[in-house]
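S.K.: Structure incoming, see below.
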Amino acid sequence: MNDDITSASTAHPAPARRGLGAIARSQMRNIAPFLTLIVLIVFFSVVSPSFATLGNVGNILTQVSVTGIIAAGLTFVILCAEIDLSVASIANATGIAVAYFTLQDSYVNIANVPVPGWVAILLALVACSALGVVNAAGLVVIGIPSFIMTLAMMQIAAGISALLVRGQIAYKIPALISTLGSGSVGGIPCIVLVAAFVLLLSHLVLTYTRFGRYVYLVGSNREAAENAGVNVKLILGAVMVISAVCSGIAGMLGVAHFGSAQQNEFDTYLLDSIAAVVVGGTSLFGGRGGIGNTIVGLFVLGVLNNGLDHVNIDSFLKILIRGLILLLALIINVYAQRLRETSAD
Amino acid sequence: MADAPPPILSLVGVSKAFGGVQALQDVDFTLRAGEVHGLVGENGAGKSTMMKIIAGVHADYAGRFLLDGREVRFRSTRDAHAAGIAMVHQELSIAPDLSVAENVFLGTQITNRLGMVQWRRMAQEAESLLARLGVHADPRQQMGDLPIGMQQLVEIARVLFSGARIIILDEPTSALSPPEIARLFSALRHLRAAGRSIVFISHFIDDILSIADTVTVFRNGRKIMTVPAADTTKGGLIQSMIGRGHAELEESYTNDIRLAAPAAGPVVLEADGLCLGRSLRDVSLSVRAGEVVGIYGFMGCGQAELARVLFGKMTPERGSIRVAGRRLRRGGTAGARRAGVAFVPDSRRAMLFHQEPVYKNTSISILGRLSRLFLKPAQERALAQRQIEALRIRPPRVDALLGALSGGNQQKVALAKWLTYPPKVLVLSEPTRGMDVGAKDEVVKIVHGLKAQGLAVVIVSSEPETVLSMADRILVLRKGELVREFADEIVSKDRLLEAA
């Protein structure tokens, strides 16, 4: 009864009265990351002459590509208000798998199983999809919270990586992967094009397909989606598989980009990809944000990482600064959610 | 009450606004020692708001608040507790994972001098306190394992025996069975005899009249009148509550109702031998096209579970459900939707997306029909526009955020979702819970309209008025079993309550 009063009171923000302030408040999660990005670009351009050069723009684009592919898949998961902590491990395992199925030079002491290049790629894709299916099954069939389920998968995938390379380093990978990961077309690195393609495709799926709409609505109010007859479990399972496949692709290209496949090669990518999604303004509570936000987030992190290399700064301090920026983004994320709820609910 | 004891609490000229909405306007209220004071009024009339001011929930209000003749202003519920005021809120607020005894003494655990909890003493005292309300539960049992009515009684017990001298009960009887209500009332009479003051808010006017000494009526944030309960009647109270000639409607609920002759349409929904733990025992029913079947039972009798099973939210352990002859297999809610079952849950929050525009709310259940893969936003908006016009949703904009609509308009959006392509079966869970008389009237009209379109409608409710006003046939559920069917005969609220 009293609920009715309170909801009635806040229920009429009277569209006519919604001025710029209200719009800014409800768009806070999109505006804040973009402003951050502009401030960072201006700042580094002023303090470092080597920052705002065409060559360095190419550097930044290349540096964020692997993270970008992982973050594209992760965006689906976070939009559903779930999390995937196994992305970096799955990337690593898939990268190692594709090398494992390629003939290595004789000095590399790995008991590998050489197959033709396209078969190796296919097997690697099957492997990462399978890991995604296990994540999905744990989440929707057994009912393990995704945080815990993917924590376990993080360890499992790391274990698979360890078993396949046994402390060795593999260098040979299929030619196609090699081209996509380290080649370039007309001066543009292929890996940047692949990342752009994956991000674009993800954006189209999220914005223009029925599946994409369900992803947003499941994240926005899971119970209401279920009560509307949406197969919530199928959607949640699908996003876990999408995330794993994106990680797998990133893993293969990453191996080509780095020039080798070895254990723990992707460890920093877990934090980077989650940070990219969240810094960009996609809500950890689900239903808000998207690939556009993720791209902004990627560039905030990319510019920050790259820019700190261009200014004379203690390299140990860099780690702390990154942590602080992430904290700031999380605060904005939670705060934007609250602003939106009070203005719309 | 023959002689009038002195007022223990009084509000003078109290007003309270939420945003631009005036919830309370210049209200005077007096509570005397040793009285049970009933509060009635439609939803949003201001009853709960006033009580929350008294209980220290709302600290920001205009006007004066006198306790024992001295002016006070509570900043928090702690202040109110310290002054001996305790409230049982409308929504159950218990700790389901703690024991019954811990719930009875929530926040007031019995400890020894070292501050250690005395479990045995706490269990013994909890048991004897609950026995005074006629609840015989093992105090060591987990709270969540009790039936909902008993949980409510445990929460009431916590407040009643907390030593508070002013006790506020907001809709305490909604989840209780008649014998439980009788025991609660006898406990309240004991407390009254001991000089405690009790405020009793309820939609159930019969309950108010049987326990209250004084009744105050609210309407639109204003106090309409305060009268001795003995000097008023149900009809009189309803009249002043709604302030317009709606009394016939409420009358029609309480009089005998002649149920319609059996419908002749084909059987659309057929459930056979449904079993689900302790909630459903061998429940079978069938509903024809153009028929409204009401399923009535006290809260916690399994009716909520039955609604969920019919929509595929829960899988029964045994038994089958057929829709238009086709067996519904384990496909979850998506399978049920494809088979032609629609579901309206009891809370708006569980069916709407507050941060999304109206058109996304109305299209969610039909996206599959609109598109195989890619969305068709233009069509979505056009359909939403049609629904907005048909149901007169305000504001009439497909892009309006749902959260910006009023409650009633949100309710219409929730229904609109299922009306573009009418389903074969509509399952409504508690469709009128917490609604005022006017809103109930709207729901009745919509259900009659759907019935005329040939839908099979199932209404699951623990409010007898709801099923009586809408159903052609009524099934009574008691502790998970269908115990009685009323069809083609004369039925009344009394008979329904008796059967349950």
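Glycine too: its Cβ is placed from the backbone N, Cα and C atoms.
So TrEMBL lists these for the protein:
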TRANSMEM  A:34-54  transmembrane segment
TRANSMEM  A:60-78  transmembrane segment
TRANSMEM  A:85-103  transmembrane segment
TRANSMEM  A:115-140  transmembrane segment
TRANSMEM  A:147-165  transmembrane segment
TRANSMEM  A:185-209  transmembrane segment
TRANSMEM  A:230-254  transmembrane segment
TRANSMEM  A:274-304  transmembrane segment
TRANSMEM  A:316-336  transmembrane segment
S.K.: May I ask for the residues of the chain that lie six or more residues beyond the transmembrane segment (A:34-54) and have a Cβ under 8 Å from a Cβ within it?
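M.R.: Non-local partners: 279, 296, 299-300, 303-304, 306-307, 310-311, 329.
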S.K.: Considering pairs 6 or more residues apart, do the transmembrane segment (A:85-103) and the transmembrane segment (A:185-209) have at least three CB pairs under 8 Å?
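M.R.: When sequence-distant Cβ pairs are counted, the transmembrane segment (A:185-209) does not touch the transmembrane segment (A:85-103), since fewer than 3 lie under 8 Å.
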S.K.: May I ask for the residues of the chain that lie six or more residues beyond the transmembrane segment (A:60-78) and have a Cβ under 8 Å from a Cβ within it?
M.R.: 84, 87-88, 91, 146, 189, 191-192, 194-195, 198-199, 202, 206, 215, 239-240, 242-247, 249-250, 253-254, 257, 269, 272-274, 276-278, 282-284, 286, 289-291, 293-295, 297-299, 301-303, 305-306
S.K.: For the transmembrane segment (A:274-304) and the transmembrane segment (A:147-165), check the count of CB pairs under 8 Å (sequence separation 6 or more) and say whether it reaches 3 or more.
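M.R.: No, since the transmembrane segment (A:274-304) and the transmembrane segment (A:147-165) share fewer than 3 Cβ pairs closer than 8 Å, they do not count as touching.
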S.K.: Looking at A:147-165, A:185-209, A:230-254, A:316-336, which one has the highest count of Cβ pairs under 8 angstroms to the transmembrane segment (A:115-140)?
M.R.: A:230-254
S.K.: In terms of Cβ proximity under 8 Å, which residues at least six beyond the ends of the transmembrane segment (A:185-209) contact it?
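M.R.: Tertiary neighbours of the transmembrane segment (A:185-209) are 58, 61-62, 64-66, 68-69, 72-73, 75-76, 79, 179, 215-216, 246, 249, 253, 256-257, 290-292, 294-295.
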